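K.L.:
This is the structure I want to talk about, given as structure tokens.
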């Protein structure tokens, strides 16, 4: 107990905590000889530290044991302490070897944990590419690269290059297999690489329509039992048989593929069954196709299958099932978000930014395309089954409209009503079309604008320009941004020769829709009428950049170049017109006229002659050809053209005066001399006219005789003399009485348009007039696709 000190109450219990032990002073380490020696070497025992103050744990003082004895101990088990020297040799310091210490260093060596004293590392050994393993790896990499290059070429449309790369990959893969066999590594063949090479080669054969080679390649894969899931490729083989129109084999392979695909892969099975149904449709086996499509609609309904099912029911004429299928079609869920999701709110700025970002992203575009496709199928199905499901077309269409109104496609109901009006137009029932369109006058603005646009179009075709103008205004008031309404308004102003105002409407339509080709075409016509030829040329050049193969546009460009006194450029444009419509007689005649103006008679003759071949009734062409033969001293050939000219002249006279006997006699004689088949037609007409003339003469003679005898018995001799004088003033029986009788002419007059429509067709296409309106400018909404 002598070493035990009891605390006195007066002692400070917290004293000594602020005392500083210089042993822990890191700033004095530079002056600590023991530490510096330990730093310089990793061997040897650190010399005993001498405490500056008594009571430290380190020193030469003996340790007290539990038995009270004090014996100096180097370690608890009598072994030397770590880092101690035994017989002059340093003990290995294994615990610090990873830090750079080694047992081979002697005392006093430099501390170099990074091994910088050994100098730079030796260079890496070069790979020995001569070894079989390295050769195999290099060859495998080349095969993979060739497969990738083949796929990239196919994606860019270079099908032939893709096939060549695939063949080269196949050759190198076979060389790889042989090399493995020679090196004794046949068991390590890369089956995935072989499968990829064969599959890519088969696909490239199929893309290049080399179907027998593709089938052979697919067959190699399918028959190899080492390839897992190779049976799915029978779908590809069935697709090839379908393209070859070998429908029974296509059905067989589709069914084989279906048997090898488990029910887990439901979507793939549905697609294969849809293909089977399509093949049955091609084969005309509608009952089997219906079985496939009905199963799909019960398991996983989709728009295409629903539409195909309606087509099959329509083919077999099943009215009730057509109705049920249409109801299923409009109830198919599309799985897309509502458009209201993309309407920004005024409160949250961050949400508005997100909505702006996703408003036109790829996903939203896909949704719009899916919705557009669904609407197209529904509209087509309604137009198809409407006449078949009810006793009348109108009743059937009304049923379809009612069904659509109760579905998710409510907005399609109005479009169906407009299509109903268009169908009336195709049936030439204009009154019903107008009545149907007039029902939209009280609907919402978009539908009202579309209906009014179509009504304006109808009245414009009927040349009722006041009504056309009225409904064009109505369409514009309902929707000022409707380009078709603005075009119709411009057209009604155009026919009133107010070209400046018409141009303003066309330009407004272009501002609303810069891709509106009808507005651009009509704007060019308006500038042309205003003699602003350069601006008109600019319009048609822009239009030509959009419609590269439009004969109307190119003809307008040629005409403008001619007006701008650039005949060579006009000839070039007309040559492009001929390349698109090689049988247009008016364009050929115009080319002949331009070459004639340039002094190239031979080239002019070629185009005039081609024009005459396609349309032998053009008087100007006939006259030019006849004059050309006279100039070249071929009078016999000139006679043929002048005969043709005379024939066409008499035909025109006959159209205006169909009962002129002398005209018919000349037509019969000319047709006989020229050996035309029309001679019989004109001979028959001549006989009828002569017979009619005889009957009229007989009726006229009997009527006059009756008047004469009546007057003879009832009148005096003076009246008889006046009657005799009146009789002498009448024409003789051999004179045509109808020539002096306007009433008879009025009674027997035939509309000249009749015989013109009855002329034999020459096979010529409709010529492109200088100021024809674009065919589509009025029907922008009339015939929607």
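Going from the start of the chain as shown, residues are counted 1 onward.
Cβ atoms are placed via backbone N, Cα and C, with glycine included.
TrEMBL: automatically predicted annotations, no manual curation.
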K.L.:
Examine the ranges 7-31, 82-106, 107-131 and name the one recorded by TrEMBL as region 'Disordered'.
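P.N.:
It is 107-131 that TrEMBL annotates as region 'Disordered'.
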K.L.:
Which is it, of 39-58, 59-78, that TrEMBL names as region 'Disordered'?
P.N.:
39-58
K.L.:
Could you put numbers on the helix, strand and coil content of the repeat 'TPR' (270-303), residue by residue per DSSP?
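P.N.:
Here the numbers are 29 helix, 0 strand, 5 coil.
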K.L.:
For the repeat 'TPR' (517-550), what's the mean pLDDT in this predicted model?
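P.N.:
In the predicted model, the repeat 'TPR' (517-550) has a mean pLDDT of 93.
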